[in-house]
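Asks: So that we are looking at the same thing, I have put the structure below in structure tokens.
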């Protein structure tokens, strides 16, 4: 659950790219939506409403001489298609659009594809029933509405298929309109180009906007969860990653690491040296923990580690941390104290925020014991498994 979630300490200061897998935390749509507080109600109801509007347009077409009026079969086909927009609108009013917009999960993408296929084929079927192809050509402007959804909620390949399909339908209806003789060729070209520009231009412009918006949000969320000095997770980011990474029914460890006599270092050598000590400690903690957990800075000179470790592994980790050598100050040895709590086979569910809070408090108590024992040592205690 915790593999590669850390960022190289100090990366922000060095202008480096974040660790590739660190961004996995920001691929979780629920995490993202919780932080940016997007309201899905208006977009959901907006899409549902537009779906019903398209159905209403179809019903109006049944009364138009150039549409389906006078042909019971054509009227029945369009009424059926229009009626189908009601259950589809109900479904779309309940779809979690924010999760679909952000997520890469195939199960969520399939909802998008199904809706777009329905919309594209439904509109095409309706246009095919019109007695005058010119009316169908005018109707293809509705593909722009579908394209707006495509731009935000579909990936590149299905998006391309939508563009190819709608382009073919628009051109096909343009050719039929020209051959029918019901409209002058320049007018046919005009109507065709307007529909092509509306449908495809919407995809291009909104895709760019959606992509850039997600990039900006990702950077803002990552910044909000990263300690700017050390490059590791801040308290907020650590709390979230630790919460979602709790392995059900398996060992889980939370450790708190504190720099001994850090205030004296700041007072004697200045804040610049103190910051350098913090950065080096963070970097070395990330290196020692590796893929076995996540590292965060809780504040000041206190760091935290969370990982799926049993007691033996936790003791080994604490001992390795205590043996680290920090060389920012040559005439004085920098030491750390470690307090850790280990939960063996606990039953707390993943996402239980209170469990992580409890674990941090328990690790703090263990750290207090280590400090009272003279510093430069560690204490590993067992937590309640219930």
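Each Cβ is built from the backbone N, Cα and C atoms, and glycine gets one as well.
Those TrEMBL annotations? Automatic predictions, nothing curated.
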Asks: From the ranges 1-23, 24-46, grab the one TrEMBL calls region 'Disordered'.
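Replies: Checking TrEMBL against the ranges 1-23, 24-46, the region 'Disordered' one is 1-23.
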Asks: Using DSSP, break the domain 'GGDEF' (250-383) down into helix, strand and coil residues and give each count.
Replies: 62 helix, 36 strand, 36 coil
